[in-house]
Amino acid sequence: MEVEESDILNFNDSIRSIIVKLNHYDVADDLWYHQAAEDFWKGVGKFFYLVKPSETSFERVEEVPNYFNEAWPYFLLFILLENVLLWAERKPIMRINDSITSLSHGLAHECSKLVFKAIESYCYISIYTKFRIMDLPWNNPTTWYLAAISMDFFYYWGHRASHEIHILWAQHQVHHSSEEFNTAVGLRQSVLQGCSFIFYLPMALIIPPSLFITHQHFNLLYQFWIHTKAVKTLGPLEYIFNTPQHHRVHHGSNIWCLDKNYGGVLIIWDRIFGTFASEKNNEEIIYGLVVNRPSFNPLQLQTFYTSYVFQRFSEMKTWKLKLCSLFYGPSWRPGSPRLGLEEEKIKVGPRQKYDIKIPTWCNLYILVHFCVIIYGYHKMSSYYLVLSPFSILLFVVYILSSLTSIGMMFDNHPYACVLEVLRCMLLVTAIQNFEFPALDQTVLTVMEVFFLLSGLFWFLKCTKVIQIIPKEKLK
């Protein structure tokens, strides 16, 4: 069989075309990987305030990305990395009950932001529009840095007030309620933490709203990674910046740790205003509240101290004492200074941590359902602007009830299985009777079957409470 010259030429052209296409795909792949790597490291940099003013300055509020929501994959990555470091150092890794409880508080806080963010934006923009004393250019680096410093300065005072004013401490204590100190604790926040925006309103006199929101995100992201025992010291940076070493002191319940190191990004405010304390190498820091609440139930941890504050309020005999019980420090007693007497404060020493041993299958069940909750939150939160107030309310109730059920399972509460059955059955009913624009039909069908089987499982378990053995009994 003879081969025509034209056939050879056509064959060569085909080979050349394939090579060109492969080279094109290689270049495209290289560009994609390069862009992905660049985006990844930019995402990491946001946790350390390593961002360019030119890339994070926006004229309008609606142009500002939700940096905090975008950071959730990085939160989980940092938590995983910390566990790897702990494992490599042969130290205990994070307890799943405490870590999921911390993340539950973070998720509940995110739900509350659906309400408080609207109020915060309205108040800040109204003050800026009507009362600002100067027009600073939003795209000027000087304005950007001024906004960053202002944000941290007012954070210091808001944070300090949250420790020194009893009714504010009733909310902020949630963040200090863990007996651990790790990156997961960085997400443990009160659902009423959004009320703290009032401390930032003076910024509205000069700082454009878009920069206020931008630096609010970056300030919070920075504070996430300093919740760790894996980083010992950062050398000369310790003099200027808030670091894990400084923040470990802040979270301690030892006498010498109380009411110290309030700074967010900068520690200079504590050095200036006399609230700084260095970590002591020869003394163990005890984490948690001075008087801990033994529970993993986020609903209980969010509310128990507020009940205590109002109980004290009702016990006071005069209105002056009643107001003092609300607006003086947590250690205040009638006849004592505003922040209480040092000698009357409880001295905390080494103590056994609250812990419950539950079966591995139960931990896995909780972990899977918690991932489903996070998935549902991120899908629905992206649509909340087009949802009706009633739909948002139902969504928030679903999140909070789910987190409460998980906490009760960790606590081995006798009614945990009953609540879980009700939760799963209500979710199946909701999927069958309501529309969920954020989820496609296949996902909804899978979730319907998933919750139906989960509810059936717990219905069968309701007749026999799971045998859970406290760890101390295993020793």
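Each residue's number is its place along the chain shown, starting with 1.
Backbone N, Cα and C atoms are what each Cβ position is placed from, and that goes for glycine too.
Residue counts of the domain 'Fatty acid hydroxylase' (145-275) by helix, strand and coil are 88 helix, 3 strand, 40 coil (DSSP-based). Sequence annotations record features per position, and here TrEMBL assigns domain 'Fatty acid hydroxylase' to 145-275.
Per TrEMBL, transmembrane segment is recorded for 360-377 (among others).
Residues annotated as domain 'Alkylglycerol monooxygenase C-terminal' in TrEMBL: 362-436. Shown for the domain 'Alkylglycerol monooxygenase C-terminal' (362-436): DSSP residue counts in helix, strand and coil, namely 63 helix, 0 strand, 12 coil.
As annotated by TrEMBL, transmembrane segment applies to 383-401 (among others).
Proximity of distant same-chain residues to the transmembrane segment (443-460), defined by a Cβ-Cβ separation under 8 Å and at least 6 residues beyond the stretch ends, is recorded for 365, 369, 372, 417, 420-421, 423-425, 427-428, 431-432, 436. Annotation source TrEMBL lists transmembrane segment at 443-460 (among others).
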